[in-house]
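Chemist: What Swiss-Prot records for this protein is below:
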BINDING   149-172  FAD binding site
BINDING   Cys248, Cys251, Cys254, Cys310  [4Fe-4S] cluster 1 binding site
BINDING   Cys258, Cys295, Cys303, Cys306  [4Fe-4S] cluster 2 binding site
BINDING   Cys615, Cys618, Cys621, Cys654  [4Fe-4S] cluster 3 binding site
BINDING   Cys624, Cys644, Cys647, Cys650  [4Fe-4S] cluster 4 binding site
DOMAIN    239-269  domain '4Fe-4S ferredoxin-type 1'
DOMAIN    285-320  domain '4Fe-4S ferredoxin-type 2'
DOMAIN    606-634  domain '4Fe-4S ferredoxin-type 3'
DOMAIN    635-664  domain '4Fe-4S ferredoxin-type 4'
REGION    382-409  region 'Disordered'
Amino acid sequence: MTDGLNKAAVFICHCSGNISEHVDIDAVKKTLKAEGISVFDYEYMCSSQGQALIKKKIVEGSLDRVVIGSCTPSKHGTLFKKCIQETGLNRAGLEIANLREQCAWVHPDRTGATEKALSLLRAKLKRLENVEPLDEIKVDIAQQALVIGGGIAGITAALNLADNGVSTVLVENNSSIGGQMAKIGKIFSPDKLAEECAMCSLSPLMNEVAAHPKITLLTRTEVESLSGSAGNFTIRLRKKPRYVKDSCTACGRCSRVCPVQVEDEFNCGHMDKKAISLRFSQSVPKIYCIDPDYCLQLNGEACGKCADACKNEAIDFSQKEEIVELNVGAVVVATGFEEYDVSQKPQYGYGIFENVLTQMELARVLGINGPTKGELLRVSDFSKASSDPTPATCDSRCEDSSDESQGTDTPKRIVMIQCVGSRDEKEGGNRYCSRYCCMAALKHASLIKKKHPETEITICYIDVRAFGFYENYYRAVQETGVNFVRGRPAEVIEKPDKSLVVRVEDTLDQKMRELPADLVVLSAAMVPSPGTRKIASVLNLSQDESGFIKERHSKLKPVDSSLDGIFVCGTAQSPKDVTDTIAQAGLAAVRARAFITDSPKVLDNEIATINQLLCTRCGECLKCPFDALSVNESGRVVLDPLICTGCGYCTKLCGEGAVQIAGFTKLQLKAEMEGVLEEGDVLGFVNSGIASLTCDNIGNSVLTYPSNVKLIKVPTGLVVDRDLVLHAFRHGASSVLFVEDPPDNPRAEVIYPLTVSHFEELKEELGDSGNRIYFKKAYVPNTKGLAGTFTSLAREGEMIR
C-alpha cells in the first residue's frame, strides 16, 4: 500500500453517547486534523447511514487505509470489513480502535479517556503504514450441520434445518432425545389460562426426528473434539454402546426378568428402574439400553437373563464404543440446563428432610408415569417402587392422574420457596433471574388446586416475574386461592411427624411468620448443564460468568457464538422457558443454514505466511503442534490454511524471520507500539481469544483501571519476542504484561504451556529487564482480577512517569 498518511482517514462513532459522553470527540478531531489526518464522526457508524458515509469518503478520497474508532471489533468487525470491501478496498486496510470497552467504559476521567482515545487511533494509523494486502482464501463449505443436544431446542433446530434441505446430525448423550421437557409433565398455556400435556407437544416432534430422511440421530454420543475451521469442521464423536440392537421391539420382557434395580435419574431418584430399561415410555429411539455400571453380565457375573428372555435376539453384550468423525459446515449447540444444587442452601433442608423437593421433582411426582403415578403424596408417605417396563403412554390419561391410591393422605399444606440459588449474591448463589421458576411454581400450584382445592398452597417470593400474557395466568392462579408471601425464607425446620415449618419475614407487613407445611418445594435456579460446560470447553466457546455460552451480541447476533459457524440456542445460552427456547432454536437453525449455503467461504487469513526467500529449509517450523506445516515435493515448506490456528509458535521457532503471522508482523506490532505508548505506560499483549473478550468484559462489567494501560491484541504471546519487548521499553513502557487464554479447551491446552515456557525464556533473555514483564491467565469470570492487575501495574508506571 502507498506510503504516507494522505490516503488514510479516521471515522469515529459516538455510539449513542457510550463513547462521546466519556471521550471529547471534538478535541480528538481537532488534534488529528492538525496532524494532517482526515477525520469524520457519526452517531452510529455501524448503521446504514454510517456505512454509507465510510464508503463515500473512501471513494471520494481514494483512501486505501481506514481506522474506525468504535466498540470492540468482536461486535462489528465483520460488518466494517464488508463495508470497506464493497468499495474495492482490501480488508487489510481496515483497523478498528476499541474506544468503548477498552477506553470510554473503563476510564471515568474524561481527560484521560480522551488522551487514550487519541493514542489508540494514532497507533492504528501507524500500524496501517506497514500493512500488506491480504489475499483471499476461499474454501467450499461442508453441506452438513451438527446439532448437539436432543432437548426441545436441539429437536427444533434439527427439524428446521432438515425441513429446509440441510443434512443434519443430531447428537444426544442420553439414550433418548427429549431433554428436560420430557420430565416436566405439563406446560403452561397463558393464552388458554390452562396447563397442557408436555409430551403431547414433544412426542410428535421426537418421532418426526427419528423418521426424517435428512436427520441422522446418534444417541449415547458425546463430542470429543473439534478441528478445522468455520465451514469445514471435523468433529470427533464417541458413541457408547446400548448393548441392544436396533431390532429391539421394546416389548419389555428383558426388563421384567432383570434382577438389578438402579436409581432412576429421569424420576429424580424417587423411583427405581432395571439395569436394562427405556429412559421413559415415549423414548426415541424406542430401544432398550443396558447400564454397563450395574449390569451383572457386563461386570463379569453370570446372568444373561435379558438375553434369554429376548425373542428377537436383540441383546448384544459384545457391542463396543465407536469413534465417529464428521465433516460439517455449521454447528448448533443446544446442550441445555440442569437444576441448581439446592443442597448448597442447607437452611432449606434439602437432602436432610424427606419432604423437601425441587420443582422438577414435584413435576415427576405429578406425572402419570412418575413415582406415585400422578398422585400427590409426601415423599415420606410413598414407597420407592420400580418403574414399569411398559409404563403409561401419552394418551387420554395425561389429563387425569391415576385413580390408584397408596392409602395415604394428600398433603394439606404446601409451601413453595422461590429463587433458590438465583437472585442470590451470597456464596453459592447466582445473581441472575432464572426466568422460568415463577411460572413453574404457578403451574404446579394451579395443577394441585384443580385436583385438590382443599390443599393450602403458599408461595414465598421476592418478586413474581410474569411478563406479557403470563400476567393473566398469574392472576388466574391467585383466584384459585393460592397464598403469596413476599420474603425469602430464613430456614425450614422438621418436626417428629415429618411435617415442616418454614420461617419467613413477610416484607409487606414486616412480620415474622412460621408457615406449617406437609411439603416444601424449592424453585431451583437454572444453571448450565455439565454438557454445556463441557462443550464450551471442547469447542473453545466464550462463556459468561455463570458458565452459559455467550452470544456474540445480545441484540444483533443473539445466537452466534464467539466462533464463526457455531451457533447456540435454548438454555445453553441463558435461562429461558419452553416458548423462548423454541423461538431461539428456530433462529439458530436459520443462521446455520444461511452460513452453510453461503459457499464458498472466504477464510480469515490471519495465519502463518512463509517468505521462501528467507527460508533456509532448516525444518524447525515443522514442529508446529497442529501439523499445519509440511514440506512439498520441491522441498519448500508449505502451509495448510485449514489447519493453521495462527498461534504464532512457528514464528518463535524460525530463527530467520521467514515465518510471520499475516496482520501481526513485527513491523506492524512495532509501529502500533510507537503510536500508543507514552512514558510510564503499561503495555499489555492480549491473546485475541478469551483473553481479549475478558478485557472487553471489564468495561461491560462497569469496572475501571487507569488510562495509562494500553492493550495490543496478538494471536498469542508467542509472536512477541525479546526484540519487541525491548522496543516497548524503549518507547516508554514501564512494564509489559502477557494476557493469555486459559488452558480450558483443546487448542488452548496445546498453546498455553508453550506460552508459559516462552514467557520464562523471555524473562531469562531479558536479564534485569525480565523483572518488568508479567504473565496473566485471563478467565472470562475474572474480570475484576484482571482489572486489579492492570491497576496495580499502572500505579508502578505512574511512579516512573
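Note: Cβ is positioned from N, Cα and C throughout, glycine not excepted.
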Chemist: I need the nearest neighbour of Cys650 ([4Fe-4S] cluster 4 binding site) among the binding-site residues Gly149, Ile155, Cys251, Cys306, Cys621, using C-alpha distances.
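Modeler: Comparing Cα positions, the candidate nearest Cys650 ([4Fe-4S] cluster 4 binding site) turns out to be Cys621.
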Chemist: Within the domain '4Fe-4S ferredoxin-type 1' (239-269), count helix residues (DSSP H, G, I), strand residues (E, B) and coil residues, in that order.
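Modeler: Looking at the domain '4Fe-4S ferredoxin-type 1' (239-269) with DSSP, the answer is 8 helix, 5 strand, 18 coil.
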Chemist: Using DSSP, how many residues of the domain '4Fe-4S ferredoxin-type 2' (285-320) fall into helix, strand and coil, respectively?
Modeler: 8 helix, 3 strand, 25 coil
Chemist: Taking each of the binding-site residues Cys306, Cys310 in turn and counting other Cβ atoms within 10 Å of its Cβ, which one has the fewest?
Modeler: Cys310
Chemist: Non-local Cβ contacts of Cys303 ([4Fe-4S] cluster 2 binding site) (under 8 Å, 6 or more apart, same chain)?
Modeler: Pro259, Cys295, Leu296, Gln297
Chemist: Could you give the mean pLDDT over the domain '4Fe-4S ferredoxin-type 3' (606-634), rounded to a whole number?
Modeler: 93
Chemist: On the three-state reduction of DSSP, what should I expect for Leu170 (FAD binding site)?
Modeler: strand
Chemist: With a Cβ cut-off under 8 Å, give me the same-chain residues at least six positions beyond the ends of the domain '4Fe-4S ferredoxin-type 3' (606-634) that come close to it.
Modeler: 134, 640-641, 643-651, 653-664, 715, 750-751, 754
Chemist: For Leu170, Cys618, Cys621, Cys624, Cys654, listed as binding-site residues, tell me which one has the smallest number of other Cβ atoms within 10 Å.
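Modeler: Minimum Cβ neighbour count within 10 Å, taken over the binding-site residues Leu170, Cys618, Cys621, Cys624, Cys654, occurs at Cys618.
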Chemist: Given the binding-site residues Ile155, Leu161, Cys295, Cys615, Cys650, which one has the fewest other C-beta atoms within 10 angstroms of its C-beta?
Modeler: Cys615
Chemist: In the structure shown, which of the binding-site residues Ala158, Cys251, Cys258, Cys644 has the fewest Cβ neighbours within 10 Å?
Modeler: Cys251
Chemist: List, in sequence order, those binding-site residues among Ile155, Asn164, Cys248, Cys251, Cys254, Cys647 whose Cα sits within 10 Å of the Cα of Cys306 ([4Fe-4S] cluster 2 binding site).
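Modeler: Taking Ile155, Asn164, Cys248, Cys251, Cys254, Cys647 one by one, the ones whose Cα falls within 10 Å of Cys306 ([4Fe-4S] cluster 2 binding site) are Cys254.
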Chemist: Take the C-alpha atoms of Cys254 ([4Fe-4S] cluster 1 binding site) and Leu170 (FAD binding site) and report the distance between them in angstrom, rounded.
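Modeler: Spelling it out, the Cα of Cys254 ([4Fe-4S] cluster 1 binding site) and the Cα of Leu170 (FAD binding site) are 28 Å apart.
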